[in-house]
């Protein structure tokens with residue numbers, strides 16, 4: 001039996017055709033136990049059952065595929081490390097094309113991660129909606145049971161008052177001149193009232209027993225709240241970490257950084273493993289959820305007692321008109337209301353006979369008034385009880401409960417599962433291709449120069465190529481030529497005449513030094529500078 005047969009027998013509306021397709025598609029997945037025997041996909045929540053074994057096999061199949069892909073990535077990386085490539089030849093077009101491919105794959109991974117977060121939030125909203133509705137139904141049942149307890153107390157008091165009135169009538173009937181025919185009719189009416197009160201009390205006891213297992217709903221609500229919060233928070237944290245890693249990878253791909261690509265490869269293999277572990281957990285749970293929505297009636301019948309289950313089924317398909325008579329027939333609340341209403345007519349006839357038989361005895365009227373007060377209170381209480389179990393008090397909550405679990409949660413689980421599959425495959429492709437960038441991408445240069453490196457604007461060898469005369473009269477203080485013995489041009493006081501401090505104007509124009517070269521004031525001897533001073 002399906003959930004729709006027990007809780008919502010009406011077919012899916014046209015707006016949920018897609019959800020119905022998802023449930024049918026995932027429910028049709030073959031289920032096998034550990035002996036590889038195909039079993040029926042009936043939802044059962046027992047660890048030793050064949051159904052649990054089938055879910056474990058689905059999880060194991062996903063993990064096997066992930067191990068195969070991980071082994072493929074490792075083999076590819078080892079081959080890439082051992083391959084001999086010429087790192088000095090890096091075609092610019094090839095590097096650019098590789099960075100664009102990595103960037104596009106990363107964008108797709110971002111896209112799938114976003115939809116994973118959407119599916120996770122969709123599941124959370126659906127489950128929370130069902131939890132709130134379940135809490136409302138549970139609370140409404142408690143109000144109804146409290147009202148039935150009040151009605152039981154009133155009926156018990158009415159039964160005592162009827163017995164007191166019977167004893168009083170019996171005592172009065174022994175007096176002289178009493179009409180025994182009227183006494184007989186009064187006794188019959190009192191017996192009828194007593195039987196009606198007993199019938200109401202029996203039905204109230206049955207109602208209390210039927211809803212005595214309300215702790216199941218309370219435990220289900222508490223357990224669902226705890227599990228759902230932890231599930232939602234764990235997925236948000238893991239998916240957020242994946243987003244951060246992918247963002248760092250995109251930056252390294254755009255900068256064509258070898259260090260960034262290698263770092264992304266190391267962290268990316270971890271999120272690849274996490275992605276497949278999530279898929280191995282999410283896929284079996286999604287299949288279990290669709291099996292519950294399709295064939296979960298037997299599980300509910302074992303967990304929840306039959307009267308509550310029948311009540312839930314009635315509330316799911318009833319017409320929520322604002323009337324007190326729209327009640328589950330198996331609860332017998334309508335019969336109790338009819339009994340109490342009939343008691344008012346019997347009570348009116350009883351008062352008339354007692355007034356005639358006992359000549360409006362004050363003692364009899366006082367006892368009859370107590371019974372009349374019980375009848376008035378019981379009618380008010382049965383009205384509250386009808387309101388507590390009426391269709392309009394549960395219809396919307398039941399619809400929200402079903403749409404939350406077998407609607408939004410199923411859709412969110414399907415989106416999350418599909419996006420995890422695509423994300424895992426794209427991460428596999430990305431990790432294979434990123435290994436190509438290890439040899440194509442280069443280390444990014446620094447903006448500073450190390451101590452043992454040459455200045456790119458002024459190498460160390462450039463100092464020896466600077467002409468000595470560029471320093472003018474301050475050549476003696478130049479640290480680059482302080483200890484050199486190059487021949488002088490004779491134009492400075494520090495190098496003319498063997499270092500003698502003769503003024504330039506005291507020397508003849510054609511005089512020369514033994515270490516110098518003869519030059520005229522107007523001759524240009526700097527054209528062959530390299531020939532004379534090859535430093």
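If you go along the chain as it appears here, the first residue is 1 and each next one adds 1.
Placement of Cβ uses the backbone N, Cα and C atoms for every residue, glycine included.
Automatic, uncurated: that is what TrEMBL annotation is.
According to TrEMBL, the transmembrane segment annotation covers 55-79 (among others). Residues 29, 32-34, 265, 269, 272-273, 276-277, 279-281, 283-284, 287-288, 424, 428, 431-432, 435 of the same chain lie 6+ residues outside the transmembrane segment (55-79) yet bring a C-beta within less than 8 angstroms of a C-beta in it.
Here TrEMBL flags 100-120 (among others) as transmembrane segment. Sequence-distant neighbours of the transmembrane segment (100-120) (same chain, 6+ residues past either end, Cβ-Cβ under 8 Å): 232, 235-236, 239, 242-243, 246, 249-250, 253-254, 412-417, 419-420, 422-423, 426-427, 429-430, 433-434, 437.
Within the chain, the transmembrane segment (232-254) has long-range Cβ neighbours (under 8 A, six or more residues past its boundaries) at 99, 102-103, 106-107, 109-110, 113, 116-117, 120-121, 123-124, 260-261, 263-264, 267-268, 271, 274-275, 278, 430, 434, 437. Per TrEMBL, the feature transmembrane segment maps to 232-254 (among others).
Sequence annotations record features per position, and here TrEMBL assigns transmembrane segment to 261-285 (among others). Proximity of distant same-chain residues to the transmembrane segment (261-285), defined by a Cβ-Cβ separation under 8 Å and at least 6 residues beyond the stretch ends, is recorded for 55-56, 58-59, 62-63, 65-66, 69-70, 73, 77, 235, 238, 241-242, 245-246, 248-249, 252-253, 413, 416-417, 420-421, 423-424, 427-428, 430-431, 434-435, 437-438, 441.
Annotation source TrEMBL lists transmembrane segment at 409-434 (among others). Within the chain carrying the transmembrane segment (409-434), a Cβ under 8 angstroms from the stretch's Cβ atoms is held by residues 18-19, 22-23, 26, 66, 69, 72-73, 76, 98, 101-102, 105-106, 108-109, 112-113, 115-116, 118-127, 130, 249, 261, 264-265, 268-269, 271-272, 275-276, 278-279, 282-283, 285-286, 289-290, 293, all 6 or more beyond its ends.
What TrEMBL lists as region 'Disordered' is 475-535.
Per TrEMBL, compositional bias 'Low complexity' is recorded for 489-501.
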